[in-house]
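Per TrEMBL, these features apply:
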{"type": "REGION", "residues": "867-913", "note": "region 'Disordered'"}
{"type": "REPEAT", "residues": "22-49", "note": "repeat 'WD'"}
{"type": "REPEAT", "residues": "74-104", "note": "repeat 'WD'"}
{"type": "REPEAT", "residues": "468-515", "note": "repeat 'WD'"}
{"type": "REPEAT", "residues": "564-605", "note": "repeat 'WD'"}
């Protein structure tokens, strides 16, 4: 998957529950969740309802070893955190609300017990850890930082158990621990203690290998120590009169009572129930309740007297009485019952069957205790559990269990066979599954998944399937080498089985090519060697078997190249040293074997630390460096040691030299990021080696969008390519010859040429047949384009696609169908099914969430049942149906529009027009007009649909409900209604992180499909649909060859119908995006909606994928509007403290210089590029929060801040009018946040690149964008000149960096920054044209002054941004002339100064102003003389400016009129200039010619004649620019043309 992209996992579990052998169990403080960790490294989250119904919610993946202990990570109800630790030292902090991994580390210490306590000294929760090390560690629960290390002065040994004691009336904490040898140790923790602390007291007692150590919470005086063979209660007295080294006297640690273990059992732990009662559990999973003798009760008068063994009394046993013995010891723990349910103590048990059992410990009175003593002589009374269930029981109980990927396709008589291995081939879209009977099934992955998850035509579609049979026993591993490297044959598939063989298959024909039988055990793994091995190894694969052997199998030679079989223990990992021709084999006992691949010689066997270093230093992707690996190594030594790097570097240096010379001669290229990810990956996953494969689907949103756009361009017809300018001869040829086209563009250009040539041949054949049939040709213009819009694409001829061309569309159909919020609007659902081609889910879909370093949570089937609230149906806002005015049985009005969104709270949804995103938000980021302004719209004007108009579409006569599915065999997945209920309510209340990911994905994909011409999925399901009939022919080749003979009389109707259907499809995607972006919260209701994370959206504000970026921006703005002013104030209060106000090089983002580690640089580079939280240093985390705060406050200020004066942009005026009240901190009375935010944005724009803040990071792009969006808010606090110069510096070579069409490929960070800077410049120019023009005019004047006085710095002057970005300045001026001509006319002199600076004077003399920059010549007060090469401009102040063709000179200004000069014209011979001003009603003629060479220009130009004109009426709506124009008809006569059509002649 692509790094930093949005990846949405989904999972198909199948009918078998995953194995969950529980090794640790925990209940959260609110008693709503049970957390279990298993020996395979997974963690299961169980939901506990108020009536004690348990349902598994999700399974967490991330640990690579067995879970050893679990603990709470927070007691706050807003932070449902747990901490897990595994047997290899890994520690994770999880958010159990969504399964997100927040923190991860691997410690050298392995913990056996972790307990969360609230420490008085730090006034916060801390983790108390002990394990296989001689200290007690106190960790921070959210960073895992070691705060205190409690060491031993006397008899240091591993600590077996520990606990915390909080003495009354004191503000410190006491830690009590016992070592394996039975030494009790005491530490006192104060607020300012050092990190390493020695014990205060130590005493040896007779308690070896203690399991647990618990202090009585009711009196803080007795301690329960449980060992495997006995448990003991000790006195731990507080001596008020005398103290020894602190608070407690360890010498008073005396034994009060003891109890031995029962026959066949060993004690595992215990806890106090009250002052005189304890619960103790054994390794067999039983719990026993004991009453302590009176001498162990501090409240009794016999306390502290000598004890008797017979005085301990057992009165209850807690057991499940199962006949089946567990595979491993059950895990038990005691919970005090502090939650809302107000229960007593709970004993929790988890066993190897995935069963959790909960007993509620009863309160037994003394009278009942007496009866127990009398009645139970030989057997204790048993307490029935309050709850007992397993994962498989819940799996079987569910009506809608998660289907398997092959269910119903190739089932045997007794049911589906278990899938034992899986591999996905993304290039072909095929899924290869090995099964337990030795067969291999090859099926199209997307079709199979759609059959299992979606209703409709996906169930009826015939799925091609191929079955390979060759193994005896189950298939254990599969490998498609072409997935890893293209050096392998694309038709080769390898499979390893239980029969010790490896089979090479031809995946296309299903033929077995060869069978390798070199191993003596079951195959465990097949691996591809790295790409820089020697040529013989490059055609081989590596196989690992259960007999500890490793082989290299050559696919080219069909034989075993090397067999390494001397390993004494199972193989754990394979590493490579390709430059030294070494294969490094690591075994489970820590031994490392180093083999030479070419000869098969065992080079060495290494143990211990050296072995770890060798494994860690293996780099299979190492490339030869420019210098020799070891310069002192001679060629003879290199040959002897087989060091291939020495030989390769000699050739590599020569190759790199030649390559560098070639690169230097090439021209610039457009910078694209070539996508490396696939839109869909299918991964087989299992929790235990004996389990069948479940299948996880990873949807990469960015890769899907990129490939959709790439396919859109690949399938365009020649007419559309010509319309978009993609295949125009001169343009494409020029780009190809200039060498500025990327590889992707070159490939596409080649494809376009072939497509165009093929299409032209077919067009000639079509035309010939049409001529024979007598069909009239359509009327065309002079350039050949059709006059009628419906005839722009009369036949839509496309090249017949290959078999995999619809794969991307199928993936998009599956992805969008699963993510869409079904059931909120029946009309929109019908539109999605009938027009867009989406399919409703037929069963609840189990989603997942990826977090840091590949940690993943997957939802388990059935959790949606526990989330349904039976009492929520009648509550307002819980579930409102859109588009229905009456009850469920009321038929909708046939004349009303198809889709309508009401804006009156949901009371009346049937409106004549829909309330779309444009009306709700005040901007139109998702309407068709937004996407048809550039070259993404191939239909031209016909595809531009007004978002405020909903076209009527034929309604289906039947009920809108989809047809019911037939239950095949024993599979019953429930109805689509339940699936819709799940997608409507339950999915949006999982967590904010999942809501954010799903909304970003569905909105960005919907926008992408809306911008495409072939955006309906019906083409894959219904080949006779109207969109295919005339618009798209994909599977039938070139249609129209047979229909041409019958005539083309209905072509107009078909063209109009296709255009209407296309418009409906585009509007359908627009409505779908609007539903998810704006309307979702109010339709679902606050009770069922977890709003998106603002922080995650802020970090996606400048995502590298443009569609995801726009979706994140729209979602963030919609959410900020939804929460209102009060909610925004809470957001400001949360993030304002992180806004950097002063420069601290260690923690502030506003700092320069300083070097960080490379790892931190990479993470800073993606500071705002992703959502995955990573383990970072404190300073880096502070800078990341500062960056998020800058974006968050910048967005709030730009959108909701108070402007100094209204913006000139109409769109922004409407946007500001809808926001209403300005936000506190960004208004005139309180502008502190506006000033701080503007300073931070300016610093991010202008600061030079550094290690902490690289050049083209997303935070810098966000600063540019926000400076442009909120320029009217930041303007009083900005240095406008510096901002404009900084943006212009980034816009240098913009035409080369940012091409008009990117073919769906994301730009590089540098090009993306250039595009963002261009957009920000346009926003600033349109918001404040006077500020933009005046600032640039001042910079031009300053530059001219410097150029005249500093000739020595000539080279440096040409490198200034004002010179290098001249084309971009002209582009902005041209845009201002087009959109805001009045503002430009008011400052026409300054605009002309800027224009003269940017234009090439030599070209201006040759081509003239009208040809070089025609935009400025649209003004009647600008005139260029082709004879004298002078430019005359009339000013608003009444002056007349003369521009000579000289470098760095000022214009010469004379006073011509008392009012604005609105018309200027120069005579053809250049001797006279006519000017007109409507205020003084005069037309004047100035003589410009002079015989004096050395005279000054102002002395040459003088008024020779003037006339008084008639009064011209000027109203408030009169366009001054079009009022008057002067036209010379000869050298002495001028005609004045007025707007009313009158003409008046004047002569000089």
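Glycine residues also receive a Cβ, built from the backbone N, Cα and C atoms like all the rest.
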Worksheet item: Which sequence positions outside the repeat 'WD' (74-104), separated from its termini by at least 6 residues, show Cβ-Cβ distances below 8 Å to it?
Response: 24, 26, 28-30, 33, 35, 37, 41, 43, 45, 58, 60, 62-68, 110-111, 114, 116, 118, 125, 127, 129, 141-144, 848-849, 851-853, 855-858, 990-994, 1173, 1175
Worksheet item: Can you name the far-off residues of the same chain, 6+ from the ends of the repeat 'WD' (22-49), with a Cβ under 8 Å from a Cβ of it?
Response: 55-72, 75, 77, 80, 82, 84, 86, 94, 96, 99, 328, 330-333, 335, 337-341, 343, 346, 348-352, 354-356, 358, 387, 391, 687-688, 860, 863, 866-867
Practice prompt. Summarise the model confidence on the repeat 'WD' (22-49) as a single mean pLDDT, whole number.
Written response: 91
Practice prompt. Could you put numbers on the helix, strand and coil content of the repeat 'WD' (564-605), residue by residue per DSSP?
Written response: 3 helix, 23 strand, 16 coil
Worksheet entry | Helix, strand and coil counts within the repeat 'WD' (468-515) (DSSP) | 4 helix, 22 strand, 22 coil
Practice prompt. With DSSP as the reference, give the number of residues of the repeat 'WD' (74-104) in helix, strand and coil.
Written response: 0 helix, 17 strand, 14 coil
Item to complete: Sort the residues of the repeat 'WD' (22-49) into helix, strand and coil with DSSP and give the three counts.
Response: 0 helix, 18 strand, 10 coil
